[in-house]
Amino acid sequence: MESFLKNFEVESKHPSAEAQRRWRRAVGLVVRNPRRRFRMVPDLDTRSEVEAKKKNIQENIRKIRVALYVQTAALHFIDASANAEYPLSEEVRKAGFLISPDELTNIARSHDNRRLKNHRGVSGIARKISISPDYGVKTSDLSIRQEIYGINQYVEKPPRSFLMFVWDALHDLTLLILMICALISIVVGLATEGWPKGMYDGLGIVLSIFLVVIVTSISDYRQSLQFRDLEKEKKKIFIQVTRDGYRQRVSIYDLVVGDIVNLSIGDIVPADGLYISGYALLIDESSMSGESEPVHVSHEKPFLLAGTKVQDGSATMIVTAVGMKTEWGKLMETLSYGGEDETPLQVKLNGVATIIGKIGLAFASLTFIVLLGRFMLDKFYNAGLKWFPDDVLTILNYFAISVTIIVVAVPEGLPLAVTLSLAFAMKKLMEEKALVRHLSACETMGSASCICTDKTGTLTTKHMVVDKIWICEMAKSFRGSESAVSLKSMIPGSALTVLLQCIFLNSGSEVVRGKDGENSILGTPTETALLEFGLALETQVDSQHQHCKKLKVEPFNSVKKKMSVVVELPDGGTRAFCKGAPEIVLQMCDHVIDSDGSIILLSNKQKDNVMKVINDFACEALRTLCLAFKDTSGEEQNMDEIPATGYTLICVFGIKDPVRPGVKEAVQTCIAAGIKVRMVTGDNINTAKAIAKECGILSEDGLAVEGSEIRNKNPEEMKDIIPKIQVMARSLPLDKHTLVKNLRKMFNEVVAVTGDGTNDAPALHEADIGLAMGIAGTEVAKESADIIILDDNFTSIINVAKWGRSVYINIQKFVQFQLTVNIVALMVNFVSALFTGSAPLTAVQLLWVNMIMDTLGALALATEPPNDNMMKRPPVRRSQSFITPVMWRNIIGQSMYQLIVLGLLMFDGKKLLGIDGLDSDIVLNTFIFNTFVFCQVKYLFDFIIFSSGKYFVFDIFIFDFALFV
């Protein structure tokens with residue numbers, strides 16, 4: 001079978017257009033209902049049109065960029081813009097606004113600096129839309145702002161109604177032919193046999209078709225509702241805004257013009273707007289302009305476009321245009337019509353359906369020819385060439401049976417069963433805190449042989465607290481306010497003052513006051529731990545950090561592994577602060593604060609002592625962090641770069657982040673399932689090893705390395721070292737990408753990788769399955785991922801793998817069941833036609849069989865939940881055949897058994913059952929049909945009772961197949 005499916009192979013991620021077109025061509029005309037079968041398959045022509053529209057939008061944005069950089073064009077463009085009139089409507093004036101929606105929209109979209117200056121800059125715009133940057137929008141004004149300036153939602157493809165699914169089901173060519181046959185049968189039957197007997201055959205076919213269409217439509221409609229619910233979950237994106245004077249977390253779809261939005265690294269800009277304030281804001285506009293070079297946004301260039309990404313820095317912006325008034329809104333409207341790529345299993349089953357369909361078409365044609373030939377020979381021999389009305393009904397019945405054989409033989413339900421199974425799995429995974437963004441990821445995760453996981457928040461709780469601190473040459477445990485009092489009595493005031501200044505000023509997080517008057521910390525868990533420590537200590541010491549002014553900020557990123565800031569002190573001097581990875585910060589220091597609070601030279605011996613403290617903290621599974629400062633002169637203040645040397649070491653923090661409950665058991669489950677777990681972290685190697693051992697990841701013969709150790713190795717060296725790696729510490733995002741790429745290309749592994757930062761996007765994109773963290777993950781990471789782990793828990797990743805395996809096994813069960821029923825139904829009618837001149841399975845009965853296989857069979861077999869036994873077998877390899885030798889054995893064995901039983905009934909059934917009389921043929925055929933149906937019920941029992949651990953394990957009873965029964 002696999003040799004016939006070469007044209008039906010596509011990549012699980014980013015399949016080429018050629019591969020997609022190739023399998024569509026290979027399907028050919030062997031499709032009963034293209035509208036239904038290809039409903040979940042993207043229209044490549046429509047997708048090409050969407051891409052063309054997208055490029056057109058990007059080209060328009062590039063023209064604006066050219067106009068800005070080319071002076072002559074810029075002047076022409078700006079003058080044309082400045083001359084445009086935007087009258088203020090009475091409605092806008094009554095609402096209390098002094099700028100029209102169109103003019104406000106055009107300022108950011110066209111980067112219209114001249115018009116912005118005419119309105120006296122960003123502050124002038126804020127006044128004209130009745131906004132204070134410190135207070136934000138009033139909640140009571142939201143409705144009027146939405147009415148005047150629009151809502152932040154995009155035009156989407158309208159959902160399909162139930163009647164549309166009925167209409168799709170009625171497009172089945174074979175059902176249409178059968179309807180015509182049924183109508184002819186009714187007309188001829190009434191003419192020859194009268195009312196009501198003449199109606200029976202034709203009406204039976206019509207009612208069967210009606211039942212098939214309704215059941216199929218209900219199944220497809222329910223499936224579409226599941227996907228619609230999942231789409232809603234995917235769009236739940238929240239962002240920090242200032243409203244009513246308080247920081248709040250709101251959905252991006254609730255944003256209004258005038259909202260003050262807080263942006264940080266990894267955020268996607270949710271609307272068009274203007275920059276108010278921030279530090280080193282770097283924007284990636286490739287999604288809009290197609291250009292890879294990031295753009296610096298500042299007071300001089302304050303324009304921000306919806307859909308762009310914050311690559312570095314932080315800022316606040318004021319929203320000036322939302323929804324369909326932005327270029328991003330127009331782009332999103334076109335993208336909603338593009339469709340999602342088909343999964344490899346969907347494509348493969350389209351191939352299986354095509355091959356079976358061709359065989360079925362040949363059998364149906366042969367059956368009709370044999371039936372018609374035997375009828376003509378009998379008629380010629382017995383009655384000559386004289387024709388009767390009954391002869392027309394007989395030939396029509398033969399034709400209907402042949403067409404119905406095609407209905408049964410072309411398994412339209414095979415590819416759709418994959419979609420049904422995936423939809424069911426995705427809905428269940430949502431309940432288990434995993435949001436599947438791409439269908440193929442749920443399927444591929446079942447074959448994962450390696451998981452490269454982060455440490456912080458995935459294996460650990462991410463509830464960080466300062467556990468130990470080394471300062472003034474002494475180490476001390478920290479346990480809240482009592483320890484703060486003790487620390488104040490032991491540490492000189494000058495050292496505590498500079499420590500608190502570094503904690504509060506050199507931070508990307510914020511302490512904000514909520515409506516309830518309580519303080520809360522917004523930011524990363526590491527900085528939250530430091531700020532909590534600082535707040536506890538601040539009650540004992542006055543550091544006057546509130547009176548300092550930030551001059552320069554270098555935000556933390558995973559490449560530099562440090563954050564720096566330059567501030568102006570209350571006395572007029574300037575001071576630089578730095579915090580980050582100990583090995584980075586320690587190299588920048590040449591002084592240290594001693595036990596008296598004095599600043600002394602940092603000797604090599606003292607450096608060794610500090611490194612010993614760092615390693616001791618790390619071996620206790622504590623995350624280590626160094627803080628340092630440097631008093632700078634006026635000349636250094638005017639330098640473009642923050643100083644990188646000459647710092648004084650303040651302290652070393654040991655931050656505790658406990659391992660999540662259940663992680664060790666989940667790792668053991670992975671190992672039993674043949675999935676190798678590797679920890680990839682930016683932490684100190686000793687911390688990483690301690691956590692890895694606690695989780696059961698690092699074994700005695702396993703290898704723990706730092707990212708720098710593999711960074712410059714050649715392919716041969718990597719081939720030797722990569723299989724042994726269980727822990728990679730101090731890794732850069734590029735190291736993670738290199739590891740994932742080599743595991744896939746060099747060792748043919750199916751790799752799942754977790755990520756939460758903006759710089760993890762390349763690794764998430766490269767992996768077979770990219771897993772982004774729902775809580776800690778940035779919007780850029782989530783956009784690059786295939787699955788979002790909503791609770792950031794490693795156990796949830798195991799659930800995804802379990803459901804992925806369940807999808808694969810359920811589809812194998814359905815294929816095995818359907819192929820067996822196909823073979824038996826085809827052979828019974830063909831052999832009977834060949835030897836007896838009649839078909840024991842009528843058109844109505846075959847339609848019933850088709851409904852069992854295509855719809856009810858899929859519901860029963862393709863939607864089974866996973867069981868623990870699925871994680872006790874190795875993963876499916878890339879090269880493994882979908883229809884395995886065990887499946888072929890079961891299909892052939894079960895088909896032979898059923899054919900023998902049904903053959904005995906066909907050829908010797910009257911004698912065996914003692915049937916005689918005028919209606920003996922009808923009674924026998926009914927008995928054969930019932931036997932055929934109960935053979936399928938027995939087949940389900942075989943699945944349950946005789947399935948071996950090597951293939952299927954079912955811990956359920958027959959009545960669990962309620963939909964089937």
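Even glycines carry a Cβ here, placed using N, Cα and C.
According to TrEMBL, the feature transmembrane segment maps to residues 355-375, out of the candidate ranges 355-375, 943-963. Looking at 486-504, 847-865, the range tied to transmembrane segment in TrEMBL is 847-865.
Long-range contacts of the transmembrane segment (355-375) within the same chain: residues 1, 4-5, 30-31, 394-395, 398-399, 401-403, 405-406, 408-411, 819, 822, 826, 829-830, 833-834, 837-839, each at least 6 residues beyond the stretch ends and with a Cβ under 8 Å from a Cβ of the stretch. Residue counts for the domain 'Cation-transporting P-type ATPase N-terminal' (118-190) under DSSP (helix as H, G, I; strand as E, B; rest coil) come to 46 helix, 3 strand, 24 coil.
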